[in-house]
Amino acid sequence: MERTFIMVKPDGVQRGLVGEIISRFEKRGFKLVGLKLMQISRELAETHYGEHKGKPFFEGLVNFITSGPVVAMVWEGKEVIATAREMMGATNPLKAQPGTIRGTYGIDVGRNVIHGSDSPESAQREIALFFKEEELLSYDKTLDTWIYE
Ligand code: DAT
Ligand code: MG
């Protein structure tokens, strides 16, 4: 089973979308294995978004992601990394398919509500960046027999 890092960004928290976003992943059948409300430090933000350092939007991105509480999560399930990206929709919400999270709740690229890891490598890196080993739980869900064949 794969794990991915998902984060409700400060705009999503302020707009009251935490429950809605968690609900979408729950209803899809994925398993929540880590969860915390936190305010990201500048240092963590710059490391997390390190691949974008030097781009024109980097400073604004770091300012935005550190501007208020975020909800950091780890979700587990079959092909959850790519599936979460599909559920999120395109980076620019105006280009995101209707029905996706960004395509339902967003307009501007700098206020796109949610972050999700884009590959197994980034999932591993981001999970380790935000969570200690003991903050991630392994447990059985009886419902899984009705979700997986
Ligand atoms: P994603 O969040 O879909 O993985 P990304 O990794 O390319 O997208 O960029 C990280 C975040 O940076 C993105 O969610 C919003 C912001 N961003 C990306 N491209 C941008 C741009 N051209 N202008 C402003 N912000 C941008
Ligand atoms: Mg990205």
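Residue numbering: from 1, along the chain as shown.
The backbone N, Cα and C atoms fix where each Cβ goes, glycine too.
Among the candidates Arg24, Arg102, Arg125, the residue that TrEMBL annotates alongside Lys9, Phe57, Arg85, Thr91, Asn112 as binding ATP is Arg102. Fewest Cβ neighbours within 10 Å among the recorded positions Lys9, Arg85, Arg102, His115: that distinction goes to Arg85. With respect to their backbone Cα atoms, Phe57 (ATP binding site) and His115 (active site, pros-phosphohistidine intermediate) stand 16 Å from each other.
All protein chains considered, the CB of Asn112 (ATP binding site) has 23 other CB atoms within 10 Å. Here the Cβ of Thr91 (ATP binding site) has 13 other Cβ atoms within 10 Å, regardless of which shown protein chain they belong to.
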